[in-house]
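Per Swiss-Prot, the features are as follows:
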type: ACT_SITE; residues: 340; note: active site, proton donor
type: BINDING; residues: 46, 232, 292, 319, 390, 398, 448; note: substrate binding site
type: BINDING; residues: 49, 94, 95, 96, 127, 156, 218, 232, 340, 366, 402; note: thiamine diphosphate binding site
type: BINDING; residues: 126, 156, 158; note: Mg(2+) binding site
type: SITE; residues: 46; note: site 'Important for catalytic activity'
type: SITE; residues: 232; note: site 'Important for catalytic activity'
């Protein structure tokens, strides 16, 4: 706390009077009563965790924060993120360790995009400080000088299984926060006046985020339960709860309420609906360009169309080509460094309340580390767009650690998530534009090697609509691919046609939702024969998605070609053949299917 602002005297005009302090204390007591009653009625919940933070909540919501109670989605309202295992508005966090990253995204948006006065408060448990994602967020907030962000550590000593590593050694938490570059205050979390003071002082600090390390006690105000182990996530027995509620009620001295301060209304108006590219794709059939590069170009083009498009990257921007966007719009590019978990949570925060159209990009393989954050974003139905490059064995020389072979399966499990797998540059640009306007999470899967443009600039694309690239009345088998395997399917079709064997070739474009109508009609036109081919593991991939889509039709047979085993390093075309997804293997599969 070397900064003068951090040591600022608490001015008389900002101090709550004795009556206000009593009201804040009484409100904390009422919050305890509400938590006891709510958890008893459902036989589930965390009354002891609620009790430890009641004074913090009372001071924040009824003295410090500025918001309109009648308009909780107001863009000028202060934001509150509850990272403890409790429900809250704006963005769900669920498992611990995600809330601070979301708060960072909100604070970054407020400071750099909205340039508004609203502040962001994040309440965390001491237990979740064992999560690495917390410290990814701490580093991010410090690096970007998020002085509109306050993180409150509710240090109540106890976790689910007993005492936490640091217990009540408050100085350990203080030193850790200060080491990460945060302005840090230590406070008695039961003292409403002290809480009012440190939150006011935090509002005076510039160029640094503030951490408030509050010493609290789990189950505060409940005799024989306060600071006792084995009460985590346990509602109180009803007969005991009634006595405790009466005890707490006896300590309440006033029925007065406090109204929150109104927000400062200085957020800009934002329109992120019906975002359109300003011109068609500028590619010609036969051009060669990697879809990862086409994606970077499309992001820059979208950024020109709407100034609320923002791009985040995890220190891979020269490989994902998000650097193209960064060069054009550096003020709307967020470098998150090698912290994929935090990158996803920051994107969730940026997109909250409809303030931005957020795209987060990195290697698709690296997104597996962030899956828990992705999953919670899906549960919240957040409108974020995630781009995963370097997919499948077609990555080539970089080897197995860089090859995403699980990503489709991962994103298929996310409710209402749209999965784009564009084949060429034209379809990639359309995928980016469609994702910007889609509801819910979107995942765009891009490829490392250059591929040929096969669609004209005038081609139209829609979510859930596949493209039939080859078809005739003599087709015997439907071959379904996406991305890199579409080219293998087309090559197989050319070779087979020389032998008077004709196959129908489908480019899925979106893996979720599938174009079931086109798949089924094509299968029926080819005597019920389908072959899927994908640069992905068989589990959870395109083959399984297609099988599920046609499972009720006993006359349709599906044969899947997919990568099996741990891949090696090599040339892209060598690996496609080695792992059974090249044109040669498609030809063999077609002939075997016809023999059967």
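The backbone N, Cα and C atoms fix where each Cβ goes, and this holds for glycine too.
Per-site Cβ counts within 10 Å over the binding-site residues 46, 218, 232 peak at 218.
Considering only the residues assigned to substrate binding, 46, 232, 292, 319, 390, 398, 448, the longest pairwise Cα distance works out to 48 Å. Put simply, of the recorded positions 127, 340, 402, the one whose Cα is nearest the Cα of residue 292 (substrate binding site) is 402. In this structure the C-alpha atoms belonging to residue 402 (thiamine diphosphate binding site) and residue 156 (Mg(2+) binding site) are separated by 41 Å. Ranking the binding-site residues 292, 448 by how many other Cβ atoms lie within 10 angstroms of each Cβ puts 448 at the bottom. For residue 340 (active site, proton donor), the same-chain residues lying six or more positions away in sequence with a CB closer than 8 A to its CB are 314, 362, 366, 367, 369, 370.
For the recorded site, residue 49 (thiamine diphosphate binding site), the DSSP three-state label reads helix. In this structure, the C-alpha atom of residue 158 (Mg(2+) binding site) lies 7 angstrom from that of residue 218 (thiamine diphosphate binding site).
Residue 448 (substrate binding site) sits 40 Å from residue 127 (thiamine diphosphate binding site), taking the CA atoms of both as reference points. Within the same chain, the residues at least 6 positions away from residue 127 (thiamine diphosphate binding site) whose Cβ sits under 8 Å from its Cβ are 96, 159, 160, 164, listed in sequence order. Taking the C-alpha atom of residue 398 (substrate binding site) as reference, the shortest distance to any of the binding-site residues 49, 126, 156, 218 belongs to 126.
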